[in-house]
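Heads up: the structure comes next, in structure tokens.
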Amino acid sequence: MASRLLFVALFSLAVFHVSSVPSQLQDFCVADLNSQVFVNGFVCKNPNTVSADDFYFSGLDKAANTSNYMGSNVTAVSVTNLPGLNTLGISLTRQDFGSYGLVPPHIHPCATELLVVVEGTLQAVFISSTNYQMYDKILNKGDVFVFPQGMIHFQYNRNSTNAVAFSAMSSENPGLVYMANAAFGSNPSISDDVLAKTFQLDKKTVDLLQARFSTTH
């Protein structure tokens with residue numbers, strides 16, 4: 001059953017590819033991750049140096065460690081670790097959830113996400129830009145939910161048992177911005193005055209949150 005559900009996730013990648021990617025000008029454009037040329041994406045690797053390994057990734061059958069504060073772990077397969085995805089407009093993630101694990105509120109600025117649950121139960125939520133409407137659904141094994149591009153969303157395991165999901169993304173590099181990290185962990189920091197006024201907090205609380213989320217300053 002799990003293999004069939006994984007097939008659904010992989011099939012959705014093909015759907016995204018057909019619907020969102022312009023016609024290819026060549027067979028492939030494997031990303032040259034070491035190039036010093038800056039373009040919108042990655043420049044192509046010399047086809048004479050391309051090998052089958054550029055189109056290969058292994059390990060999505062293995063559960064990731066969820067022994068962290070959020071109780072979750074996301075394994076992403078994108079252009080940065082599967083260079084053959086470059087220009088193809090597709091990528092994939094495996095999401096592991098421990099007891100009451102959470103993938104906290106975040107956005108993918110460059111991609112729509114199609115989620116399929118293969119084990120356990122998840123709460124899937126996104127918030128639209130229209131009156132901040134929240135769309136909330138409980139997903140069981142085999143259920144599918146779509147998060148439109150750029151919408152704030154999260155996935156939460158409301159149970160004490162583990163859960164696993166796979167997501168197809170409509171970009172080879174979907175981007176990821178966690179809301180709390182962006183607000184309280186930016187580098188350089190957003191000023192206390194701005195954050196205190198925005199979130200209606202006192203500056204001492206802001207300082208505590210910045211200390212918790214900061215990783216570079």
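Note that Cβ sites are derived from N, Cα and C of the backbone, with glycine treated the same way.
Positions annotated as signal peptide by TrEMBL: 1-20.
Annotation for C29 (disulfide bond): same-chain Cβ neighbours under 8 Å, separated by at least 6 residues, are C44, K45, N86, T87. For C29-C44, the entry in TrEMBL reads disulfide bond.
Residues or ranges marked as domain 'Cupin type-1' in TrEMBL: 58-207.
Summarising the annotation, TrEMBL assigns Mn(2+) binding site to H106, H108, E113, H153. H108 (Mn(2+) binding site) has a Cβ environment of 23 other Cβ atoms inside 10 Å.
For H108, E113, the entry in TrEMBL reads oxalate binding site. If you take the C-beta of E113 (Mn(2+) binding site) and look for same-chain residues 6 or more apart in sequence within under 8 angstroms, you find V146, F147, H153, S167, A168, M169, S170, P174.
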Largest tally of Cβ atoms lying within 10 Å of a Cβ, found at which of the binding-site residues H106, H153: H153
Counts by DSSP class (helix H/G/I, strand E/B, coil) across the domain 'Cupin type-1' (58-207): 22 helix, 56 strand, 72 coil
Average pLDDT across the domain 'Cupin type-1' (58-207), rounded to a whole number: 97
